[in-house]
4 protein chains.
Amino acid sequence: MAGNSFGQLFRVTTFGESHGEAIGVIIDGCPSNLEVDLEFIQSELDKRKPGQSKITTQRKESDTVKILSGIFEGKTTGTPIAMIIPNEDQRSKDYSHIKDAYRPSHADYTYDAKYGHRDHRGGGRSSARETAARVASGAIAKLLLKQAGIEIFAHVSSVGQIDSPNLDLGSLSELLEVRESNIVRCADPATANQMIELIDSIRKEGDTVGGKISCVIRNCPVGLGDPVFDKLHADLGKAMLSINAVHGFDYGSGFSGSEMRGSEHNDLFVPPGSNNENKFQTLTNFSGGIQGGISNGMDITFRVAFKPVATIMQNQDSLDSSGNAASVQGKGRHDPCVVPRAVAIVESMAALVLADHWLRNRVTRL
Amino acid sequence: MAGNSFGQLFRVTTFGESHGEAIGVIIDGCPSNLEVDLEFIQSELDKRKPGQSKITTQRKESDTVKILSGIFEGKTTGTPIAMIIPNEDQRSKDYSHIKDAYRPSHADYTYDAKYGHRDHRGGGRSSARETAARVASGAIAKLLLKQAGIEIFAHVSSVGQIDSPNLDLGSLSELLEVRESNIVRCADPATANQMIELIDSIRKEGDTVGGKISCVIRNCPVGLGDPVFDKLHADLGKAMLSINAVHGFDYGSGFSGSEMRGSEHNDLFVPPGSNNENKFQTLTNFSGGIQGGISNGMDITFRVAFKPVATIMQNQDSLDSSGNAASVQGKGRHDPCVVPRAVAIVESMAALVLADHWLRNRVTRL
Amino acid sequence: MAGNSFGQLFRVTTFGESHGEAIGVIIDGCPSNLEVDLEFIQSELDKRKPGQSKITTQRKESDTVKILSGIFEGKTTGTPIAMIIPNEDQRSKDYSHIKDAYRPSHADYTYDAKYGHRDHRGGGRSSARETAARVASGAIAKLLLKQAGIEIFAHVSSVGQIDSPNLDLGSLSELLEVRESNIVRCADPATANQMIELIDSIRKEGDTVGGKISCVIRNCPVGLGDPVFDKLHADLGKAMLSINAVHGFDYGSGFSGSEMRGSEHNDLFVPPGSNNENKFQTLTNFSGGIQGGISNGMDITFRVAFKPVATIMQNQDSLDSSGNAASVQGKGRHDPCVVPRAVAIVESMAALVLADHWLRNRVTRL
Amino acid sequence: MAGNSFGQLFRVTTFGESHGEAIGVIIDGCPSNLEVDLEFIQSELDKRKPGQSKITTQRKESDTVKILSGIFEGKTTGTPIAMIIPNEDQRSKDYSHIKDAYRPSHADYTYDAKYGHRDHRGGGRSSARETAARVASGAIAKLLLKQAGIEIFAHVSSVGQIDSPNLDLGSLSELLEVRESNIVRCADPATANQMIELIDSIRKEGDTVGGKISCVIRNCPVGLGDPVFDKLHADLGKAMLSINAVHGFDYGSGFSGSEMRGSEHNDLFVPPGSNNENKFQTLTNFSGGIQGGISNGMDITFRVAFKPVATIMQNQDSLDSSGNAASVQGKGRHDPCVVPRAVAIVESMAALVLADHWLRNRVTRL
C-alpha cells in the first residue's frame with residue numbers, strides 16, 4: 001500500500017536506504033521446492049553493481065547477498081525469502097552539502113515535501129541503490145521461469161542519439177554472449193563501440209546522457225496476463241516505469257504503431273502446416289506477443305526509455321529548503337549513463353512480472 | 001487479483017460483457033460527503049459513447065447510467081457506489097461468424113486459450129465497451145479531485161502521421177472548449193480538420209488508423225505518488241496501458257528525453273522572488289511534474305499511443321479454433337479511429353490514479 | 001481496502017443498502033468453466049430470505065437474484081460475475097423515527113460519527129440485508145467446492161440457554177434433511193422444538209434472544225491455509241466475525257480447550273492399518289481439522305456466537321444526534337432470533353473462505 | 001497473498017525460521033515523523049523472550065533487535081522499516097529426531113503435506129519464535145497509537161481452570177504494574193499465585209496447560225473499523241486467531257452474550273448531563289466498544305483462548321512421514337504454558353490492528 005511491494009502472488013517488498021545499514025528484499029509467494037543457485041543470484045547482482053567499468057560510478061560495493069530465510073538445504077520452503085545486501089562503501093559526507101539544498105531533477109524536494117523528514121545521504125530511499133534488491137529477487141524469479149522454459153533478454157539499444165540496428169533475435173544465448181563482451185551491454189558490437197566512446201566523452205565533460213533498453217521475452221506460454229486492468233503489458237509497463245530515471249515504455253509496434261493503419265498492423269495467423277510447432281503463430285508481430293492483455297506465445301518485445309542521470313559534475317544553481325539560492329555540484333560517485341547497469345534491472349523487473357503472472361495463470365480455470 | 005480492480009484506496013472493480021445484460025462498476029473507498037452531480041457523470045459518458053459522429057462506430061447506446069447504492073440525498077455515504085449501464089443495442093448475430101474464427105490482432109485467440117470458454121459476442125469482456133464503466137467511475141473521481149482543485153485535460157495530439165503542434169497550456173477550460181468544438185477532439189482547430197479528413201477517408205476504405213492522446217494534469221498538490229513501486233507515473237502508465245489498443249506511454253520529456261544530456265534536461269528551480277505563488281517551481285518541466293515518482297506541483301504531462309483498431313471492413317485470412325483456414329471481415333459497427341472517444345477514457349483513468357494517490361497521501365505523515 | 005471486499009483469489013465485493021435500489025455482489029476470480037446452477041443459488045437465498053416462517057421477520061422479499069455478467073451458456077467465463085437482488089418491500093417510513101435518533105446497540109451512532117452522512121432507512125448499509133449478497137456469492141463458491149468434493153454443513157446448536165446435544169456427524173446429507181425439516185434449523189429434532197417454543201414466546205414479549213451456530217467442513221483436502229497470518233481458522237474467524245451480530249468464534253476444542261492439558265488435548269495419529277483411507281487421520285480431533293493454520297484432512301469444526309437482535313418491540317430510552325433524550329421502539333419487521341436465517345450465511349462465508357484457500361493452495365508448490 | 005503480511009495501510013511482513021539465520025519484519029506504511037524509542041521496542045521484546053522465568057522455556061535468546069532502514073535521526077522517514085532479530089541459541093540437533101517423525105498436534109505433518117519441503121528444525125516457520133517479529137513491529141504500532149492517546153492492556157485471565165476475577169479497569173497503568181510484578185502476568189495477585197503454582201506442578205509432570213488472555217483497549221476514538229468485512233472486531237479476531245495455539249476469540253459479551261435477551265443486552269446511552277466528557281457513552285458495555293463493526297469510544301474488550309502447548313515431555317506414539325510407527329518426546333526447551341509470554345503478542349497484534357484502522361479512518365471522509 002505504501003508503495004514498496006510489487007506483484008500479487010510472487011510478491012516482493014524492498015527496503016533500505018543508500019547509506020543505511022543494508023538494503024534488502026522479502027519475497028512472499030515463491031513456490032516451494034525451487035532449487036536456488038546462489039552463484040546465479042550473485043552473478044546477476046554483479047551485472048548491476050557499481051564500479052564494474054570506466055563508464056559506471058566508482059562507488060565500490062561487493063553487493064554480496066545474504067539469505068536469511070525461506071531456503072533450506074538449497075531449496076525454497078514456500079516461506080518468505082529474506083535477502084539483505086549490506087552497504088559497505090557509503091561516503092555520507094559526500095552528501096552533507098545537499099542536506100538542505102535540493103538537487104535539480106532529483107527527488108530531494110519532493111521527498112522532503114511529502115514526508116517532512118528524509119535521509120538525504122546518497123539520496124536515501126530514492127537512490128537507485130534500491131534496485132539491487134530488485135535484482136536479487138528478480139534472479140530468483142528467473143530461476144522459477146527457467147523451470148517453465150521462459151527466457152528474458154535485454155540490451156542497450158540506444159545511448160543518446162546512437163541507435164542499435166534491429167537485432168536478428170535468433171538465439172538469445174548468443175546475443176547474451178555478445179552483450180556481455182562489451183561494457184555498455186549492447187548486443188551489436190559496432191554500435192557498442194560508438195556508445196562507449198560517447199559515454200566516455202560525456203563523462204569527461206562532467207555531463208550525463210540518456211538511453212534506451214530493448215527487451216524480449218521468449219517461450220512465454222499462451223495465457224499470461226489478467227484483463228482488464230492487469231494486462232500483461234500494463235504490468236510490464238508499471239514495472240519498467242517504477243525503475244529510477246525511466247520516462248517511457250512501449251511494446252510491440254509501440255509509439256510508431258500509432259502512425260500505422262489497421263490493414264498493415266494486423267498480425268495475420270500463419271496458415272496451418274506452414275510451421276511445425278505452433279499452429280497459432282502469426283506472420284508479423286506488431287502485437288509484441290500480447291493480444292487483449294494476454295500473451296499469445298510469440299516473442300514479447302518492449303522498449304524502456306531512460307532520461308539522463310540528474311547528477312552532473314557541473315555547478316548548478318539551485319535552492320535550499322528555505323527557498324534561498326544555493327549552488328550544487330555532484331560530489332558523489334555517479335554514472336554518466338545509467339543504461340549499461342540498468343539492463344539487469346529491466347530483466348529483473350520483467351522476471352518479477354512474468355513469475356507473478358505465471359502463478360496467477362494457475363488459478364484461471366477450474 | 002483476477003485483474004478487474006484498479007486502485008488501492010479509491011478502488012474500482014468493473015464487470016460486464018459487450019453483449020451481456022449490462023456493464024457496470026463498483027467504487028469502494030470514495031470518501032463520504034461528496035456531492036455527486038449525475039448530469040456530470042452522464043456528460044462524461046456522452047463523450048465516450050458510440051454513435052456520436054460520423055467518425056465513430058454507429059452502434060447506438062444511450063449509455064444511461066443507473067446508480068444502485070452508495071449515494072443518499074445527493075451525497076456519497078462512504079459505502080460502495082454501484083453503477084450499471086444496460087446494454088441496449090447488441091446485435092449479437094453480427095458476431096456469429098467469429099464464434100469459432102479468430103480475428104487477427106484481437107483477443108479472440110488469447111481469451112479462448114486462457115479461459116477455455118468465452119463470450120464471443122462483440123468481443124465479450126475484451127470489448128472496449130467495458131471502458132464506459134471506467135468513465136462512469138472516473139467522473140466521480142473527477143468530482144473528488146475538483147474539491148482539491150485538480151484539473152485534468154486530454155486531447156487528440158496525433159492521428160496517423162498528423163501531429164498537433166504543441167499547445168500553449170494557458171487555460172484548460174478554453175482548450176476544452178476548442179476541443180469539444182470538433183468531432184476528433186483535438187485542441188488545435190486547423191489540425192483537427194486534417195485529422196477528421198484523414199479518418200473519414202480511411203473509414204471509406206474500410207481501414208483504420210492509430211493515434212496519440214496527450215494529457216495534462218494541473219494544480220496537483222506536491223507529494224502524490226508512493227515510491228518505490230507505486231510512483232505516480234508508474235501508476236499512470238499502468239492505467240493508460242490497461243486501456244484497449246494502447247501500445248505506449250511516456251511522460252515529461254518521454255522517449256525524446258532519452259536522447260538528451262543531463263545538463264540540458266535538468267529542471268532548474270526558479271530563483272525566489274521570480275514568481276509569487278510557489279517558490280519551488282522550475283524553469284523547465286522535462287520532469288513532467290513528477291520527480292522521484294512524486295508530484296512536484298508543476299503540470300503533469302504524458303502521452304498515450306493507440307494502435308489502429310484491429311477490426312477492418314476488409315476481408316482477412318485467418319484461422320478457426322481448430323486451426324483451419326477461415327476468412328473474417330468486420331461486420332459489426334466499429335470505429336475507424338479510436339482516439340476521439342478515448343479522450344474521455346484517458347482522462348477517467350488519470351482521475352482514478354489521482355484520486356487514489358490523493359487519498360493515499362493523507363496517511364503519509366504522522 | 002474500504003472494507004467491502006473479502007478473499008484474495010476468489011474475491012467478492014458486496015454493495016447496497018437495505019432500502020436502496022438493490023443489493024448485489026461481484027465475484028472476481030471465480031475460475032472459468034464452472035457450471036452454474038441458478039436454481040441452487042436461489043434455493044440458498046431462500047434459506048436466508050425474510051418471511052419464511054413465524055419466527056422470522058415478516059418483511060417480504062422474494063430475493064430473486066439476477067446475473068449480469070460472467071456466465072455464458074451456463075458456465076463461468078473467468079470474468080467478473082455480477083449479481084443483483086432488487087429490494088422490493090422497503091417500508092422506509094417505518095424508519096423515519098430513527099432518522100435522528102440512535103437505536104441502542106445498533107450501528108446508527110457509529111456510522112453517523114464515522115461517515116458524517118448515512119442512509120438511515122432500515123439501517124442502510126449496516127442492515128443484515130447485505131448478507132443476501134454474501135449468500136448469492138457463497139452459493140457459487142459451494143458449486144466450486146462441490147467439484148473438489150468439499151461439503152459444508154451448519155446448524156443451530158443453541159438458542160439462549162437451550163443447547164443441542166453433540167451430533168453424530170455420520171452423514172451430512174441426512175443431517176441436512178433433519179435440519180431443513182424444522183424452522184429453527186437445528187439438526188436435533190427434540191431440541192428444535194424447544195428452541196422454536198422459546199423463540200416464539202420471546203417474540204410475543206417483543207424481546208429477542210441470541211444463539212449459536214455450529215459448522216463442520218468435510219472432505220477438505222490437506223494443505224489449505226496460509227501461515228503465518230492467513231491461517232485457515234484465522235480467515236474463517238474473520239469471515240464469521242464479519243457477520244452481523246456475531247460476538248464470538250472458536251474452532252476445534254475452542255474455549256474449553258484452554259482448560260485442558262497437553263497430554264489430553266494432543267491428537268494422536270491413527271496407527272497405520274487401522275483405517276483404509278488416509279493413514280494420517282487422528283484418533284481425536286481437538287485440533288478441529290486444522291494444525292499450524294493448515295487443514296489436516298479431518299473434519300473442520302467451529303462455533304459462532306450471535307448476540308440477541310438489538311431491535312426489540314419495547315420502548316427504550318435513547319438519544320438523538322444532538323444528545324437530547326429520545327425514545328425508540330422497533331417499528332420495522334424484525335427477527336426475534338437471528339440464528340435460523342444465519343445458518344445459510346455461516347455456510348456461505350465458510351464456502352468463500354474455502355474456495356479462496358482452495359485456489360491459493362494451487363500456487364504453493366513448484 | 002502467501003500469508004506473511006498483515007494490515008492494509010500499516011502493513012507488516014514477517015520472515016524467518018526458528019533455527020535460521022534471523023527472524024525479522026518489514027513495516028511498510030508507518031507514517032513519517034514518528035519518534036522511535038529503541039529501548040521501548042526492546043522492553044516489549046523482553047516480555048515475550050524465552051528464559052525469563054522458571055515457568056517459561058529455557059532457550060536463551062537476547063532477542064536483540066537491529067533496525068536496518070526506515071528510521072533516520074530517531075524518527076521514521078515514511079520508508080519501509082526493516083528490523084531483524086538474529087537467532088542465537090539454536091540447538092538444531094534437539095530436533096533431529098523429528099526430521100521424519102510428525103509430532104502430534106504440531107504443524108509438522110501439515111507443512112510437509114502442503115509444501116513438500118520444510119525446515120524441521122525447531123518447527124521452522126511454524127514456531128512461535130516468529131511472534132518476536134510481531135512484537136517488534138507491534139511496539140512501533142504502540143508508539144504510533146500513543147500519539148493518538150490509545151492504550152492497550154492485556155493480562156492472563158485464566159490458566160487451565162483457574163480464572164481471574166473481573167478486574168476493576170480503573171487505571172491501566174496501575175494494572176500494568178501489578179501484572180508485571182508476577183511471572184504469570186495476571187493482574188490479580190492472588191490468582192497469579194495459584195496460576196504459577198499450577199503451571200509449575202504441571203511442568204514437573206512434563207505436561208502443559210492452556211489458558212486465556214483478556215485485553216482492553218482504552219481511549220480508542222469513535223469511528224475505527226471498516227464494515228462490512230473489515231469490522232474492527234473481525235480484524236482483531238483474525239489477528240488473535242493468527243497467533244500460535246489460539247483456538248478462540250470473543251469480544252464484549254462474547255459467547256455468554258448468545259444466551260442473553262435483547263432487552264438485557266442492549267447498551268442504553270447515558271442521558272446527557274450524567275457525564276462530562278462524552279455524551280454518547282453507554283450505561284453498560286456488552287457491545288465491547290464496537291457497534292456495527294466500528295468503535296464507539298467505550299472500552300474495547302476481548303478474550304483470547306489458547307490451547308495447551310503440544311510439546312510435552314512425555315513419550316507419545318506417532319508416525320513418521322512414511323506412516324510407520326514412531327515415538328516422539330519433547331527434547332527441546334519448551335513452555336509448560338504459553339500465556340505469560342503471549343500477553344505481549346496479544347497486545348502487539350491488537351496494536352497492529354488499531355494502527356492500521358487508525359490510518360484507514362483518515363480517508364473515510366471528504
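Note: Cβ is positioned from N, Cα and C throughout, glycine not excepted.
For B:Lys54 (NADP(+) binding site), applying a Cβ distance below 8 Å and a minimum sequence separation of six or more within one chain yields B:Ile183, B:Asp200. Residues or ranges marked as NADP(+) binding site in TrEMBL: B:Arg48, B:Lys54.
TrEMBL lists B:Arg125, B:Ser126, B:Ser127, B:Asn244, B:Ala245, B:Gly292, B:Lys307, B:Pro308, B:Val309, B:Ala310, B:Thr311, B:Arg333 with the feature FMN binding site. Residues within less than 8 Å, Cβ to Cβ, of B:Lys307 (FMN binding site) and separated from it by at least 6 positions along the same chain comprise B:Gly210, B:Ala245, B:Val246, B:His247.
Sequence-distant neighbours of B:Ser127 (FMN binding site) (same chain, 6+ residues apart, CB-CB distance under 8 A): B:Glu17, B:Ser18, B:Asn244. Here the C-alpha separation of B:Val309 (FMN binding site) and B:Arg48 (NADP(+) binding site) works out to 16 Å. When the binding-site residues B:Arg48, B:Arg125 are compared by the number of other C-beta atoms lying within 10 angstroms of their own C-beta, B:Arg48 comes out lowest.
You'll find the Cα of B:Arg125 (FMN binding site) roughly 17 Å from the Cα of B:Arg48 (NADP(+) binding site). B:Arg48 (NADP(+) binding site) and B:Thr311 (FMN binding site) have their C-alpha atoms 19 Å apart, to the nearest angstrom. Pairwise Cα distances among B:Arg125, B:Ser126, B:Ser127, B:Asn244, B:Ala245, B:Gly292, B:Lys307, B:Pro308, B:Val309, B:Ala310, B:Thr311, B:Arg333, the recorded FMN-binding residues, top out at 44 Å. Around B:Ala245 (FMN binding site), taking its Cβ as the centre, 22 other Cβ atoms fall within 10 Å, counting all chains. Listed binding-site residues B:Lys54, B:Ser127, B:Ala245 compared with chain A at a CB cut-off under 8 A give none as close ones. Applying an under-8 Å Cβ distance to chain C, the binding-site residues B:Arg48, B:Ala245, B:Thr311 reduce to an empty list. All protein chains shown were included, and the count of other CB atoms within 10 Å of the CB of B:Thr311 (FMN binding site) stands at 26.
Secondary structure at B:Arg125 (FMN binding site), as computed by DSSP, is helix. DSSP assigns B:Arg48 (NADP(+) binding site) to a helix.
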